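Each remark here refers to the structure printed beneath this line.
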Amino acid sequence: MFSCKQHLSLGACVFCLGLLASTPFIWCFVFANLLSLEIFSPWQTHVYRLGFPTACLMAVLWTLVPAKHAVRAVTPAIMLNIASALIFFSLRVYSTSTWVSAPCLFLANLPLLCLWPRLAIEIVYICPAIHQRFFELGLLLACTIFALSVVSRALEVSAVFMSPFFIFLALGSGSLAGARRNQIYTSGLERRRSIFCARGDHSVASLKETLHKCPWDLLAISALTVLVVCVMIVLHVHAEVFFGLSRYLPLFLCGAMASGGLYLGHSSIIACVMATLCTLTSVVVYFLHETLGPLGKTVLFISIFVYYFSGVAALSAAMRYKLKKFVNGPLVHLRVVYMCCFVFTFCEYLLVTFIKS
């Protein structure tokens, strides 16, 4: 049994890790909304909007780096992240011409920011389920704060509203060590120790073993993803569903996808129900988009993604349970979820940029 103090301490740490894991998406969101203007800076706009799928891919690539090397990168990464954010802050306040310096700064800092989701998820999904919800709450809250800052035009008025970004970096990086030292986390790590390996080693799931244990879950996630991508294409061409959403949807796709949703009951049943709801809602939008009006159409279109997120959350939770004896189970979860993020954000970029409704 663990004390209440240990649970509260770990809950606070993983909440801060959720704030930290949101930073690459917030970085992309801020640049895409503040510095993107297709008329005056076309190539910069493409760089910033492609930042979302790039961040997802880089987060996946960081999972291929051995854990000991990833941990060693923490100190230089946080120093460069804060330095880059300070330079961006200074450019916003004191410089009137950022058409070259800002894209270079954006591209230099993004790969290092993508380290944080890997380190955070590697810790969080070894902890009990209640602490995983605190992590997801932190990530969702961070994305919501910056989305509201853009909606209210606070970021356009003053660069001071970038300050939460610095707070997220400071709190999150400081919480990494605290979470690792917590006995709840270390006991979860101990349960993944292999009895057939030398002292200090843990069981690791290979690609073959992952495919053997979770074939239907991966197939169902792929089928759901293909279904929703087809829905996006059809509704974009026929119903102009992205009108007014292109500024905010990429952050929603990244944030909500990484946060998951509610999953109750059997994963396959939840996935089937959510796929059915996605299909029915898309049919309603397709045939009644003129009757629904802009607000009704937007609400129903967003609800399609909420259903999808809930279905994938149920399937990914089932995958984590099947891989609970392996220390890299959380990284498998990250790869699957962030590849789904990549597919959606890249598809949204292609549709909005090249396929006019």
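Including glycine, each Cβ sits where the backbone N, Cα and C put it.
Record features (Swiss-Prot):
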TOPO_DOM  1-11  topological domain 'Virion surface'
TRANSMEM  12-32  transmembrane segment
TOPO_DOM  33-46  topological domain 'Virion surface'
TRANSMEM  47-67  transmembrane segment
TRANSMEM  71-91  transmembrane segment
TOPO_DOM  92-98  topological domain 'Virion surface'
TRANSMEM  99-121  transmembrane segment
TOPO_DOM  122-133  topological domain 'Virion surface'
TRANSMEM  134-154  transmembrane segment
TOPO_DOM  155-158  topological domain 'Virion surface'
TRANSMEM  159-179  transmembrane segment
TOPO_DOM  180-217  topological domain 'Virion surface'
TRANSMEM  218-238  transmembrane segment
TRANSMEM  241-261  transmembrane segment
TOPO_DOM  262-267  topological domain 'Virion surface'
TRANSMEM  268-288  transmembrane segment
TOPO_DOM  289-298  topological domain 'Virion surface'
TRANSMEM  299-319  transmembrane segment
TOPO_DOM  320-335  topological domain 'Virion surface'
TRANSMEM  336-356  transmembrane segment
DSSP helix/strand/coil residue counts for the topological domain 'Virion surface' (289-298): 10 helix, 0 strand, 0 coil
Predicted model, mean pLDDT over the topological domain 'Virion surface' (1-11): 87
Stretch of maximal Cβ-Cβ contact with the transmembrane segment (99-121) [cut-off: under 8 Å; candidates 12-32, 134-154, 159-179]: 12-32
Dominant neighbour of the transmembrane segment (134-154) in 12-32, 71-91, 218-238, 268-288, by Cβ pairs under 8 Å: 12-32
Distant-in-sequence neighbours of the topological domain 'Virion surface' (289-298), which means Cβ under 8 A and at least six residues beyond its ends: 235, 238-241, 243-245
Contacting positions for the topological domain 'Virion surface' (320-335) when only residues 6+ beyond its ends and CB under 8 Å are counted: 59-60, 63, 117-118, 121-126, 189, 191-192, 202-205, 209-210, 213-214, 217
Counts of helix, strand and coil residues, the topological domain 'Virion surface' (122-133), according to DSSP: 8 helix, 0 strand, 4 coil
Surrounding residues of the transmembrane segment (12-32) on its own chain - C-beta under 8 Å, 6+ positions past either end: 45, 48-49, 51-52, 55, 58-59, 81, 102, 106, 109-110, 113-114, 116-117, 120-121, 123-124, 127, 131-132, 134-143, 146-147, 150, 155, 162, 165, 167-169, 171-176, 178-179, 182, 247, 250-251, 254-255, 258
Distal contacts, the topological domain 'Virion surface' (180-217) - CB-CB under 8 A, six or more residues away: 2, 6-7, 9-10, 13, 123, 126-128, 131, 267-268, 315-316, 318-319, 322-329, 332
Helix, strand and coil totals (DSSP H, G, I; E, B; other) for the topological domain 'Virion surface' (180-217): 20 helix, 2 strand, 16 coil
Tally of residues which DSSP labels helix, strand or coil - the topological domain 'Virion surface' (320-335): 10 helix, 0 strand, 6 coil
